[in-house]
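> Okay, here's the structure, questions in a sec.
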Amino acid sequence: MTTIRQRKGGRLAEAAEEQLSEEKNVKPDGKIQSDHTGGKLWNILSLTVGGIVAVCLGLLTSVYVATLHENDLWFSNIKEVEREISFRTECGLYYSYYKQMVQAASIQQGLHGLVYDNKTESVRTINILERMNVYQEVFLSILYRILPIQQYLEPVYFYIYTLFGLQAVYVIALYVTSWLLSGTWLSGLLAAFWYITNRIDTTRVEFTIPLRENWALPFFAVQIAAITYLLRTHLQPAHERLTLLAVFIATFLFSLTWQFNQFMMLIQALVLFILDCFDMLPTAKVTWLYIIQLSGLLLVCVLQFFNSMILGSLLISFNASVLIARTIQKNLKKGGLLSRLGKLFLHVLFVSCLTLLVNKLIKKILNLESDEHIFKFLKAKFGFGATRDFDANLYLCEEAFGLLPLNTFSRLSDTLLFYVYIFVLFPMTVAAATVAFQNLSGSTKVGKLMEKMEDCTIALKPGAAYNLVHTVLFGCLALSTMRMKYLWTSHMCVFASFGLCSTEVWGLILKCVRLYTSQRVICFILFLEFYDPDTVELMNWIKSNTPNTTVFAGSMQLLAGVKLCTGRILTNHPHYEDKNLRERTKQIYQIYAKRSPEDVYRILQSFGTDYVILEDSICYERRHSRGCRLRDLLDIANGHIMDGLGENEPDLKPSLYPRFCEEIKKNLPSYTVHFTRVFQNKTFHVYKLARHK
């Protein structure tokens, strides 16, 4: 247990803690002692009931989201093509590989098709297992093939039910984490209840089923639960080894299923680094967690054929730098306040510089550029200079990568979750700051201090300290990037319920603040019907009127659906973590820029395009404001003045040509010589490219 203490007066602090434990008849790890058999039976009964409640809540959550999905889309009553196009954008791309594996003549042939894929990017053969996190689709397709369920369950249902089943794992992990922190399973019950009633802000699994985060976040929650248990004091060696194994497995599965794993685990590594610097976690356990992160990510790197984005990740550089710095700076946790602060400053500076140096060196040696678009985006997002970079602006103009909307807090407040969260966060932060200061101060007056503060003694367990800093850092991430809010809001349920049900937190509040609150929750269900006849008509036309080897160009989001529903070859797709693909996408998107028909034809021909699909929703886009429409981003990148009223940067010039996607519809000779319209409806226009000798 981390308490207000320091090294020189350590024995006195420990004696005070032992005396307090004896008075309350509790063990140092917070478990109630009992000399009677009845007490032991009661503990067993409580554990059994709590476990049953956890499993029941998990299963109910799975059934609940499956029912919502069915009611939203009438999934069992729509055609197969409609089911597939309900997997929008990148979701459709990922599901297409599961479909491809299920339909392959054999497992070996299916794997060969993924390792040597020539349909995802035209005129290129790529390794899907290296470029994308689709091992879960591979595993699930193999499982579907070997299990005797084909006659009873369609492949699509096996897929979505697996994802809904993972929601049970997710809820159980949140439940267990809250239970471990508070000591009562009632806290876990409240955490699960809040997760379900705040479904709009805690998950989006029912309408973005194949999204990577829906695979990864349940394993991330399991990892947090295992870390929380690992940080408990007085663990038996066998239990500690088993817990470390559980942390490793969860970390590995989390890393394997999401391409953004390295960034999430970097924040987690920063949590460990901060707490270790302030002497609030056991150093040996922190070291093990660093090693587990490194080994889990490197194992994924091997499975992904040494994916360059993993090798060049900041996480690998940071963890390696911390471990190196520890061997060099051995006396970090000795001395008085000023001495500790000076050493801490030098340690942070050394680790930061070494991290950047190691990362730069790795990228230089391996010539890595896979993640440069992310750093350009971050640089522009946080105001370190404007950018005309097309890829960075594409992210900046997406609502999902903007700031967290204020109405999120309004919804979370409707169930009282946000109010309770803030109510718990404030005293816990004060307690952590006090403990951190005392750990650094090196004062010899701990005995007198504890006597004076007997009624307000602050005790902060390592597990509680970890979850506190975790929720703060991931909260900052969510506030800056809306798409990442699901990492925060689910943990918010855990943290709020823990604080509300924890005797330690209430002891601190009642002694020092003297406040009390209560809460109620609300539940609601939305029923919507799926209907997209224009996209269905397009997919049916492609399947009926084009060969399997046809190459299609268009927007990333639409082409993912084209691959899933028709199996045709694509020029580009939404998995954006590759520099060549990003440049290719920018070139393909010239169909929405002010370019000559000859230029557009030449670009499309260079990628082996047979057909190009134009979307009115992009060509005449009104969803974004001026400057953030796709056509505006292309104009800026090409040095052209944007359409409409408003200011333009001084060096932008008028284009010599009209906008391609508008002008092609006039059937002028300069366009018809290269492009022939073969399909159109209210939303889409498909043009076939001429084959000139």
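Just so you know, glycine gets a Cβ as well, placed from its N, Cα and C.
TrEMBL lists these features:
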TRANSMEM  41-66  transmembrane segment
TRANSMEM  179-196  transmembrane segment
TRANSMEM  216-235  transmembrane segment
TRANSMEM  242-258  transmembrane segment
TRANSMEM  264-281  transmembrane segment
TRANSMEM  312-329  transmembrane segment
TRANSMEM  416-437  transmembrane segment
TRANSMEM  458-480  transmembrane segment
TRANSMEM  486-510  transmembrane segment
> Can you tell me which of 41-66, 312-329, 416-437, 458-480, 486-510 gets the most C-beta pairs within less than 8 Å of the transmembrane segment (216-235)?
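Of the candidates 41-66, 312-329, 416-437, 458-480, 486-510, 458-480 scores highest.
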> So which residues does the transmembrane segment (458-480) touch in its own chain, when a touch means Cβ under 8 Å and the partner is 6 or more beyond its ends?
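Tertiary neighbours of the transmembrane segment (458-480) are 1-4, 30, 177, 180-181, 224, 227-229, 231-233, 267-268, 270-272, 274-275, 280-282, 381-382, 403-404, 425, 428-429, 431-432, 434-435, 487-489, 491-492, 494-495, 498, 504, 508.
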> Six or more residues out from either end of the transmembrane segment (264-281), which same-chain residues have a Cβ under 8 Å from its Cβ atoms?
2, 220, 231, 251, 254-255, 258, 289-290, 293, 297, 313-315, 318-319, 322, 332-333, 344, 347-348, 351, 432, 435-436, 439-440, 460, 462, 465-466, 469-470, 473-474, 477, 487
> Given the transmembrane segment (486-510), which of the listed stretches 41-66, 179-196, 242-258, 312-329 has the most Cβ pairs that are under 8 Å apart from it?
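The stretch with the most close Cβ contacts to the transmembrane segment (486-510) is 179-196.
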